[in-house]
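K.L.:
Quick one: this structure, given as structure tokens, is what I'll be asking you about.
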Amino acid sequence: MNSIISTSHISSSNYHAFEYHTSLTVFRSSPSLWSLRFCGLRQEAVQFSQLKNRLVSGALKKRRHYVSAAASNGSPSKRKFDYDLVIIGAGVGGHGAALHAVEKGLKTAIIEGDVIGGTCVNRGCVPSKALLAVGGRMRELQDEHHMKALGIQVSGAGYDRQAVADHASNLASKIRNNLTNSMKALGVDILTGFGSIVGPQKVKYGVDNVITAKDIIIATGSVPFVPKGIEVDGKTVVTSDHALKLEFVPDWIAIVGSGYIGLEFSDVYTALGSEVTFIEALDQLMPGFDPEISKLAQRVLINPRKIDYHTGVFASKITPAKDGKPVMIELIDAKTKELKETLEVDAALIATGRAPFTKGLGLENINVETQRGFVPVDERMRVLDAKGNTVPHVYCIGDVNGKLMLAHAASAQGISVVEQVTGKDHVLNHLSVPAACFTHPEISMVGLTEPQAKEKAKKEKFKISVAKTSFKANTKALAENEGEGLAKLIYRPDTGEILGVHILGLHAADLIHEASNAMALGTRIQDIKFAVHAHPTLSEVLDELFKSAQIKFH
């Protein structure tokens, strides 16, 4: 997925801000740093007093022996710089790059003009998981049939809106502090102010502070995309940034876009008592998912709930509630552009994706022109200039390059860049990066959808096969009375190569990593079939899935 942003609603609705959702990443550092890892971030720094001296002294030893070797992105220079590496943007991507750089012995600085943690920590993955956790528990407590089947009697489940909002805010604050402390403990210099490139290997931050760097990483992230004609007041017409504050729970809310953000918020709002109306530009809901998963998700996550939807329409105009009037939404046909209907609702959430943030970055000073708003890069995240040539010593990672708008993808890209600037060539396989939607039950995926795999097979002249397993056959899922779910494997029967895995079911976001790691490491199905899984666990869903695949060697 190379782009989610355009002036139309279709492309943004199709992908819906992949950056917003994180999953566990493969630990790429030494074991001594495992306690600092967390969902593409680093975990709570609970042992800094013990780790700091050992890690920093080790990093300093590496730094003394560091030799500039970024042969793949500019020639080594004998000039002395203020820093080996300067990162503009302290979100998940910048954070991941900074800590890996310190591990490699690089003198590193990170510049942040907003708050540490970026979108994911402050206005995305982290606070949304807090709201979803509350929504999930409310949904379970309110499901009388489910509880009765487990022999549990519950009555009068309720919630305190402000306490729920505080839980989300406090979690974001906690993780933000952990990230800040982890960088400080390992010797990363945190510089405050907006950063911009003022010339080759030269960065300005704040009012007039200028520093030099051997290499520069752009990691400025993204902001919510609001289509033309939509007036956001932050109260009754909101983006995900506003909605995560949970300042009120509307009786009826329209959600524009049925991708990841829209689907997750529908899960939260319906659990808290709201009625939801989806407005989707394409002809089907959840267009970014594998079609079979979308169909099942609609049956499980949409149809049984207080949700209705309009597909094949644009929200051409949205007016906030004022003077006693409700939020007004004009719907036009996506093809004919004719007015179809006007909705009157209590609130509207705009979930039409995200736009790259490049304002004031100084790209013109290195002859770089954005493409559809994104900073152009090659497969090694090296920035390309207006003529398509690599700009020496400048890289770009995360949402702002548009490769894959996921927080953990940004972190992985940052780690890949650090490998390169320290002399080891590395190319990230984006098809092995998992994604997840934290609804109840969850959805996760990695690799190609079935239509994408068929298209690739036709082009490259090979055959694909599909294997499926149901959560209804899993002991642990049945013990939880959560047998609704499906796991789907798309693969090459002639080689055993995994092309894609899609899961809808209990803890799907955690289960996907066995598949994504196998794809990243190049493990074939005929080998992974011999892996042993504890019984009874949900991981056996994947075990059965791989074992059901039929490999036919020529």
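Backbone N, Cα and C atoms are what each Cβ position is placed from, and that goes for glycine too.
Keep in mind that what you see is a predicted model, and the values were worked out from it rather than measured.
Pulled these features from TrEMBL for this protein:
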- HIS535: active site, proton acceptor (ACT_SITE)
- LYS129, GLY195, THR220, GLY221, SER222, ASP399, MET405, LEU406, ALA407, HIS408: FAD binding site (BINDING)
- GLY257, SER258, GLY259, TYR260, ILE261, GLY262, LEU263, GLU264, GLU280, GLY353: NAD(+) binding site (BINDING)
- CYS120-CYS125: disulfide bond (DISULFID)
- 83-414: domain 'FAD/NAD(P)-binding' (DOMAIN)
- 433-544: domain 'Pyridine nucleotide-disulphide oxidoreductase dimerisation' (DOMAIN)
K.L.:
If one measures from the C-alpha of LEU263 (NAD(+) binding site) to the C-alpha of CYS120 (disulfide bond), what distance in angstrom results, rounded to a whole number?
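P.N.:
For LEU263 (NAD(+) binding site) versus CYS120 (disulfide bond), the Cα atoms are 17 Å apart.
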K.L.:
Please report the number of other Cβ atoms within 10 Å of the Cβ of THR220 (FAD binding site).
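P.N.:
Counting Cβ neighbours of THR220 (FAD binding site) within 10 Å gives 33.
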K.L.:
Near the Cβ of CYS125 (disulfide bond), how many other Cβ atoms are there if near means within 10 Å?
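P.N.:
Taking all protein chains shown, CYS125 (disulfide bond) has 28 Cβ neighbours within 10 Å.
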K.L.:
Quick one: give me the count of other CB atoms within 10 A of the CB of ALA407 (FAD binding site).
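P.N.:
So the Cβ neighbour count for ALA407 (FAD binding site) comes to 33.
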K.L.:
For the FAD binding residues given in the record (LYS129, GLY195, THR220, GLY221, SER222, ASP399, MET405, LEU406, ALA407, HIS408), what is the largest pairwise C-alpha separation in angstrom?
P.N.:
30
K.L.:
Whole-number answer please: how many Å between the C-alpha atoms of GLY259 (NAD(+) binding site) and THR220 (FAD binding site)?
P.N.:
23
K.L.:
Nearest to SER222 (FAD binding site) by Cα distance: which of the recorded positions CYS120, CYS125, GLY257, ILE261, HIS535 is it?
P.N.:
CYS120
K.L.:
Looking at the recorded positions CYS125, GLY257, GLU280, HIS535, whose Cα is closest in space to that of THR220 (FAD binding site)?
P.N.:
CYS125
K.L.:
Would you kindly give the Cα-Cα distance separating HIS535 (active site, proton acceptor) and MET405 (FAD binding site), rounded to the nearest Å?
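P.N.:
Here the two Cα atoms lie 35 Å apart.
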K.L.:
Tell me the residue counts in helix, strand and coil for the domain 'Pyridine nucleotide-disulphide oxidoreductase dimerisation' (433-544), as DSSP assigns them.
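P.N.:
Across the domain 'Pyridine nucleotide-disulphide oxidoreductase dimerisation' (433-544), DSSP assigns the residues as follows: 42 helix, 29 strand, 41 coil.
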K.L.:
When the Cα of CYS125 (disulfide bond) is compared with the Cα of each of the recorded positions GLY257, ILE261, GLU280, HIS535, which one is closest?
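P.N.:
Looking at Cα distances from CYS125 (disulfide bond), the smallest one goes to ILE261.
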K.L.:
Rounded to a whole number, how many Å is the Cα of GLU280 (NAD(+) binding site) away from the Cα of ALA407 (FAD binding site)?
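P.N.:
Approximately 25 Å lies between the Cα of GLU280 (NAD(+) binding site) and that of ALA407 (FAD binding site).
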K.L.:
Test of understanding: give the count of other CB atoms lying within 10 angstroms of the CB of GLU280 (NAD(+) binding site).
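P.N.:
The Cβ of GLU280 (NAD(+) binding site) has 27 Cβ neighbours within 10 Å.
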K.L.:
Nearest to ALA407 (FAD binding site) by Cα, among CYS120, GLY257, ILE261, HIS535 (recorded positions)?
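P.N.:
Ranked by Cα distance from ALA407 (FAD binding site), first place goes to CYS120.
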K.L.:
Let me know the largest Cα to Cα distance in Å among the NAD(+)-binding residues GLY257, SER258, GLY259, TYR260, ILE261, GLY262, LEU263, GLU264, GLU280, GLY353, as an integer.
P.N.:
15
K.L.:
If you compare CA-to-CA distances from HIS535 (active site, proton acceptor) to each of the recorded positions CYS120, LYS129, GLY257, ILE261, which comes out shortest?
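P.N.:
That would be LYS129, nearest by Cα distance.
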